[in-house]
Every structure is written in C-alpha cells, then in structure tokens.
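The structure appears below as structure tokens.
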Amino acid sequence: MTGGVHPPHDETPLLGCAGSGRASTFKTFFNIIISIVGAGVLGLPYTFRVSGWAVAAGCVTTSAVLSYYCMMHLVRCREKLQRGGRRIIQNYGDLGDAAFGNWGRQFVDIMVLISQSGCCVAYLIFIGRNASSVFAGDIREYRYFIALIFPFEVLLSWVRSLSGLAPYSIIADVCNVLAMAVVLKDDFHDFQGFSEIKALTSWGAMPFAMGVAVYCYEGFGMTLTLHASMKKPSEFSRILGIAFLVITGLYLSFGFIGYMAYGEETQDIITLNLPNDWTTAAVKVGLCVGLFFTFPIMMFPVHEIFERKLLFSDWFQKQTQSLLLETIWCNFLRGFIVLVVAGVAVMVPGFGVFISLVGSTACALLAFVVPAVLHMRVLWNETRLLTKVGDFALIICGVLFAIYGTYKSAVDIFGPVNNSSGGDEVHGRHQI
C-alpha cells in the first residue's frame, strides 16, 4: 500500500504537472474554480447572518479583489526569478526560498502546514456534524463520528501517491455543486423576503466575516502550479480574473439567498437548515463522502513536509537501518499527525468560528502579507511608488488583521460557551 518512503518524490500536482504547459485556458478556468471553491461556501449564509449582509458582502468582495491582486504578485515574482532560465520555481515554498533563502521556505512551509491542517480540521467538523444530523438526529454527537472515521483516515494517510488519491477530489467537487443546487432550491422555497435580514449587526463582527471570506478564497498554494500548467501563461491573469468574478458572484448569491431564506435561524453549516427528507440526507452523505476522500489529499503536503524532515534528520538515519523500520516510523508519524488534527476537531465547538480562525491566521498571511513581502523583495527596483505604498499597506493591514482576527476568533472558540446546548455564542448570536 505504502511502498518505500525514501524520501517522498511524488510531487505531481492534483490538477496537472507544474511546468507541463499543456492546459488550455478552458481547463485552467475550471481548475481555478476547483482549487478555490470548497466546503467553506456552505458557511457563508451564516456569515451573512452574524455580520449583516452588507458587511459580509463587502468582506467577500474585498477579499476577492485583494486575493486576485496578490496572486498576480506571486506570478510576477516567479516570472522575474525564472527569467533567463536561472532557476525553476514550482511552488510557494520554492518562491520563498528563491527570495529569502532557507528561512523564507521554512516560514512559507509553516504557514502552509497551518493552513492545510486547519482546512482538514474544518473538514472533520463538517463531516461529523452532517453525519450526526443524518444518522443520529443530534449534531451534539458529531465527535463520535469523527472518532469513527479516524482509523480510516489514518489508513488513507499511508498512501504516498497523489495520483492514487486525486480522483476522489472530483467526488467532492460534484457533491459540492449538487449540495449548492439543492440548498438554493430549498432557499427559494423558504424565501422570507427582506424583512428578516439586517445589513449590519455590529462592526465587531467584521473580523469574523473577513476571516471566513479569506478562508473561502484560500487557493494560493495552487497559484504557481496552475500558471505553469498553461499552454499560454500570458492568458493567466485574464482567466484568473474571470474565474474570480464567477466565484465572487456565486459566493454573494449563495450567502445572500441562504440568509434571506432562514434569517436568524441560519446555522453555521447551511445544510443543517435543510428539511429532513431523502434529498437532504443524500446531499449530506455525499458531501461527507467527498470530504472524507479529500482529507488525505489536503493532508498530503503536511505529511510530506514532516516526513521529509524526519527522513533527513541525523537521529533518524542513525536509528533506522532498514526500509521496514523507516516505513513503520513514517506510518506512525502520519497516523500521529492525523490524530492531532482529529483531536483539534473534537475540541473545536463550531465550524463557522473555526474557519474564521484559520482565515485570520495562516490564510491571511499567505494571501496578503507574504505576497506583498515577496513582491517588494523581488521587484522593488521595477515597481512604481503607488504599488510600493500598496504593498506596505497590505503588509501592515494584513498583520493587524491577522492579530486582531485571531484574537476575536480565539475568544469565540475558547471563550465562555454553553456546550450543554450544543452551541456557542458568536458576537452575541447563537451558533448551532
């Protein structure tokens, strides 16, 4: 199942080989959609409820504009550093290394670890709560479902080939599309009009909304891979812009319509608002199955980074003299990492506040701060004054947002909660 572990070399991207240059603009467009749109969209109606539709819409739009701007920063840095064929940059970590040396790679890798692991924690929460609502009828039992799938995720973590895992991501994408279609159908059926919704609840809810919005556009790890995979890389900025317009329109529509349908009863995962019929159950089960198989794909870079550090450590090379021992140690490490992620998922009280926390920390730094720093480092002499001012603003605002957003989200998660009711308070509003 696992094969050898010396060291992980299967770096084949899920959506095409970096540098292959074979992807058409049409394929790249859909690859961008697949890379960005995920389970986070199902938490947008709740975000509209917590902050108000005007604040949430503003945060989603702002995050879209800044994410596009910063993704293009990464592309321009890559083009400059690869000019003349001096080096090949395949991923975000390579770019950090090219600009700042080993410590730049280490910092980017740490942020990627936090971001990817955070997404996987959110996946487990999502699976547990939806599965418990279908099979147990009580979402407070979701921790048992996380414990139930844990050993199977450990087994999947021992698969060391992305090519063996990638097909399952298609299942998740199909399930997401079907789920959004069913949710929108029920939203229109339960439409309550404008009397039950608010444009603004409190300005204190803005960090929460922005954190969720940043999380929903998390796809920076695939930016350079997608750019390199195109037949015509010069078309990337246009295709990326069109994709962002489509995604933003989808996010705004989904969040707004979901909030209008359920008003103050909107739950942090919109599927929990759906009626208890067979179509809803099928959608929930399909989403759970899709995310179950997406989990090991999202964890792949996490396992790879930790395993590579273990394999090349002096202690490990002295202690292990056989391939069997190496395999046992590496499998144990992968299982332990999954255990830690599952443990965090069991302790986190809610889906919405957690994706806001992830969005406010690693995602915000990877999305806004790091691209601006890299752009200043690589293209300082070729950059206009206005762009330099914009980069400084991104760094300052990004760091301040990460600090304040992390604090607010941490308070929401670890502050006073009433777990006996199966919920917690977010900005004074009940979260189921």
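Keep in mind that glycine also has a Cβ here, set from the backbone N, Cα and C atoms.
Caution: TrEMBL annotation is automatic and unverified by curators.
Model, not experiment: these values are computed from the prediction.
What TrEMBL annotates here:
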type	residues	note
DOMAIN	22-409	domain 'Amino acid transporter transmembrane'
TRANSMEM	29-48	transmembrane segment
TRANSMEM	54-75	transmembrane segment
TRANSMEM	107-127	transmembrane segment
TRANSMEM	142-159	transmembrane segment
TRANSMEM	166-184	transmembrane segment
TRANSMEM	204-227	transmembrane segment
TRANSMEM	239-262	transmembrane segment
TRANSMEM	282-302	transmembrane segment
TRANSMEM	323-345	transmembrane segment
TRANSMEM	351-373	transmembrane segment
TRANSMEM	385-407	transmembrane segment
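Counting Cβ pairs closer than 8 Å and at least 6 residues apart in sequence, the transmembrane segment (142-159) and the transmembrane segment (239-262) reach fewer than three and form no contact.
For the transmembrane segment (239-262), the partner stretch with the most Cβ pairs below 8 Å, chosen from 29-48, 54-75, 351-373, is 29-48.
Between the transmembrane segment (107-127) and the stretches 54-75, 323-345, 351-373, 385-407, it is 351-373 that has the most C-beta pairs under 8 angstroms.
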